[in-house]
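K.L.:
First the structure, which I've put down as structure tokens, then a few questions once you've had a look.
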């Protein structure tokens, strides 16, 4: 891997990979080639520091975030009309950072000023996370039921649900190597792929007509060239270069494997497998699914070591991640000698979960009729009930133990009388006008009122809800809410959203005073 070392004014040193820069530039150029809002800055030059310069106004980052998760950012909230002043550049960058957090990126210590200062390792790390999410978002059981074919005999469906995309991709790769009667296995994305032979066998197994085995007789450099051509022939976008394979760049190989999977997974589930996964999807309660998305977003934003959540319910069943969450929220809560990692047997999982619930009582949350067995059995409503209380406690920790009516009273004082709510169950909340006015009290320049609609129809309600969340994020507020919860008038979530805006208002005011001084 070609690593470049950069020295900053403070004497610190950071390295970054020029191979990754080149590949990410090719990726961005390909997927945004028809986007008029960035036509003036594309294509990025993959051989220079072009990317680090051109992300400085936030537009490009916002665009690739929406590639990773369509609709993560309301396009109306992105300032695209150039030239941009410093305020509009900063709110674009705030919007990108907070929205990246909402789709699962770790953004600890990432600030607009560091991006504008062209901190290569910070920018490259953020872009890597976004592109990884985009490329691997289909590598899961719910999006692709045929992945159930990769379940081992001693596993449950839940074991596949909680596997992260990189582990699923390794299983998928090895499944096809086994089908091709290869004697080799892939256990990583660097050394095991460096000579290219496994790629040749995989691609041939996926499409024997387009991808021959001729590359096996070549030297590694020429073999890598054949791999790229074979991958292109089955529809893989060109961003991987032969040298990246030869060097064994693990990040780029992971993305390449995901692109091959997306183009041609080569799996067909049996009817029995299909019925099992169909039942799994039908079991999803819409309200619970919305809560799961929010809580997953929140937990992952905490950057818990070894505690990244792929599937909330499944990842909580052995009690380990609940213990990790409690420790993150209140350090020294957990005595790790009482937690068994890994937890392979049901008895150990129950013990882990029971211990975590016992420690959760120190948070003064309500734990009625819920025990470790309920977690191990994946009782969704009970698990969500515990996580909800911890979530609310964390979001409101800076405001004390305020009740919803106290939160509403404080917020109502900041908005015009006509927009005030009688309670968080007030139907007026669904129009988002209350939240727009609250945000306007924080920063009058935040909202383009031409985009705000009356909120009288379902379409207008959806439009306003999406826009108000993006407006809050572009000011720099951390928002753990999805637009459907505004549409559905979910009072408990609206109360937390309001509380987080009130807290953010104090920080924003203090920051403005600091700049003024």
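Each Cβ is built from the backbone N, Cα and C atoms, and glycine gets one as well.
When I checked TrEMBL for this same protein, it listed these features:
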DOMAIN    18-135  domain 'Calponin-homology (CH)'
DOMAIN    163-265  domain 'Calponin-homology (CH)'
DOMAIN    289-395  domain 'Calponin-homology (CH)'
DOMAIN    401-506  domain 'Calponin-homology (CH)'
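If you look at the structure here, what lies around each of the features I listed?
P.N.:
Averaged across the domain 'Calponin-homology (CH)' (18-135), pLDDT for the predicted model comes to 96.
Here the domain 'Calponin-homology (CH)' (401-506) is broken down by DSSP into helix, strand and coil counts: 69 helix, 0 strand, 37 coil.
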K.L.:
Determine how many residues of the domain 'Calponin-homology (CH)' (18-135) DSSP places in helix, in strand and in coil.
P.N.:
73 helix, 0 strand, 45 coil
